[in-house]
Amino acid sequence: KGKCPEDGWDESTIELFLHELAIMDSNNFLGNCGVGEREGRVASGLVARRHYRLIHGIGRSGDISAVQPKAAGSSLLNKLTNSVVLDVIKLAGVRTVTSCFVVPMATGMSLTLCFLTLRHKRPKAKYIIWPRIDQKSCFKSMITAGFEPVVIENVLEGDELRTDLEAVEAKIKALGAENILCVHSTTSCFAPRVPDRLEELSVICANYDIPHIVNNAYGVQSSKCMHLIQQGARVGRIDAFVQSLDKNFMVPVGGAIIAGFNESFIQEISKMYPGRASASPSLDVLITLLSLGTSGYKKLLKERKEMFSYLSSELKKLADNHNERLLDTPHNPISLAMSLKTLDETNDAAVTQLGSMLFTRQVSGARVVPCGSVQTVNNYTFKGFMSHTNDYPCAYLNAASAIGIKKQDVDVFLKRLDKCLKTFRKEAKQENCKNEISDANAATEQLED
């Protein structure tokens with residue numbers, strides 16, 4: 001039926017299935033005589049076994065979704081993977097999605113492929129409207145495609161950084177809709193930035209007849225992010241949304257899913273990919289989804305949401321204990337931020353040092369964001385880089401509840417963070433004591449004089 005099974009398969013069943021697909025490829029035929037330049041020959045048996053002898057990859061030179069006559073098994077693998085992934089995207093909340101395909105590139109290059117496809121539809125356009133998010137790959141995806149990003153600064157509402165819709169519309173009017181390739185929005189992001197106002201942006205795109213590409217990097221795991229995409233497509237215009245395989249399905253880095261609501265446009269994107277492609281990302285995600293089944297994936301989504309609530313409540317307690325606060329970012333369903341104001345005021349280098357301390361204590365993924373850092377990316381200078389705005393009011397630390405996180409991860413992280421912050425407080429007290437003693441000695445010397 002081309003759908004993800006409700007109950008996951010065991011490993012031996014999956015391996016049997018993959019072996020059956022592999023023997024449909026010509027390189028595995030008994031007595032095969034290959035005289036072409038690409039015959040699926042592999043020098044290492046270890047490499048052949050690693051890929052289950054599915055060597056030909058996917059697609060043909062003119063279309064990544066096309067069937068290869070001498071690789072029927074690999075072609076079937078590709079078709080099945082795209083069908084199963086489409087089923088899971090619907091299950092995750094985007095019910096009206098009509099088409100998708102797995103592409104063997106990470107999110108940034110997959111976005112570039114979308115922009116290059118739009119170039120043929122809008123040959124005069126050279127600008128991409130981009131509500132600012134301080135993440136290099138999505139910015140570079142526009143530069144690599146040959147377009148000029150028009151950065152729209154976010155607006156601060158309470159602790160949250162939100163889409164400046166008025167600035168977006170004003171910029172469209174100033175540049176002219178025909179000169180704009182698309183609006184490039186974002187769902188999943190680091191707090192205190194929150195998902196873009198997708199519904200309102202989609203309406204603006206529909207009103208001005210401008211394409212809309214959504215960077216949904218790790219948004220499949222969030223029902224809120226997927227709901228925003230569903231609503232945006234319902235009330236306005238979303239041409240394609242792109243998500244990472246590794247962040248949403250716990251497979252190795254190297255693949256993404258390009259999905260949309262217009263099947264012909266998604267096919268255009270697949271045809272834009274030059275040449276054949278590696279089957280590894282498709283193979284990895286198909287094996288994963290067959291082993292999980294829909295029930296297993298739903299369970300992971302439920303656990304992630306529960307861990308987000310737990311991380312939020314426990315991080316708030318820790319913040320209160322250290323005279324800091326958990327920033328109020330209710331519109332961000334994955335990432336949290338805790339202020340580091342006290343630390344920042346004590347010592348300019350302390351915030352960056354905290355990040356180093358956590359990393360050396362094997363805490364990965366936590367981002368420590370100081371105030372006022374400046375970084376240049378492709379000749380564009382971002383002030384306050386990593387904080388998604390020029391002047392965020394305080395330094396802060398990020399932590400995320402992503403799919404696969406366990407209670408033990410949260411508990412160990414909080415314990416190590418608490419220990420690091422206590423170290424800084426102890427050092428600050430010692431420094432204050434030294435200063436007080438120094439001041440007292442100076443006052444005594446003055447009295448003696």
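Glycine residues also receive a Cβ, built from the backbone N, Cα and C atoms like all the rest.
Annotated in TrEMBL:
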type	residues	note
BINDING	R38	pyridoxal 5'-phosphate binding site
BINDING	R60, S61, Q68, R276	substrate binding site
BINDING	R234, R361, K426	tRNA binding site
MOD_RES	K247	N6-(pyridoxal phosphate)lysine
### Query
Just going by other Cβ atoms within 10 Å, which of the binding-site residues R234, K426 has the emptiest spot?
K426
### Message
Which one is it, among the binding-site residues R234, R361, K426, that lies nearest to R276 (substrate binding site) by Cα separation?
### Response
R234
### Query
Given the binding-site residues S61, Q68, and counting only Cβ atoms in the protein chains shown, which has the most within 10 Å of its Cβ?
Q68
### Query
Relative to the mean position of the Cβ atoms of R60, S61, Q68, R276, the recorded substrate site, which additional same-chain residues have Cβ within 8 Å?
G57, I58, G59, G62, D63, A66, G275
## Note on the structure
Comparing the Cα of Q68 (substrate binding site) with the Cα atoms of the binding-site residues R38, R234, K426, the shortest distance belongs to R38
### Query
Distance between K247 (N6-(pyridoxal phosphate)lysine) and R234 (tRNA binding site) at the Cα atoms, whole Å?
26
### Cα-Cα distance linking R60 (substrate binding site) and R361 (tRNA binding site), given in Å to the nearest integer
47
### Task
State the Cα to Cα distance, in Å, between K426 (tRNA binding site) and S61 (substrate binding site), rounded to an integer.
63
## Note on the structure
Note: in the chain of R38 (pyridoxal 5'-phosphate binding site), residues six or more apart in sequence with C-beta under 8 angstroms of its C-beta are H56
### Message
For the C-alpha pair, I'd like the distance in angstrom between R234 (tRNA binding site) and R60 (substrate binding site), rounded off.
### Response
34
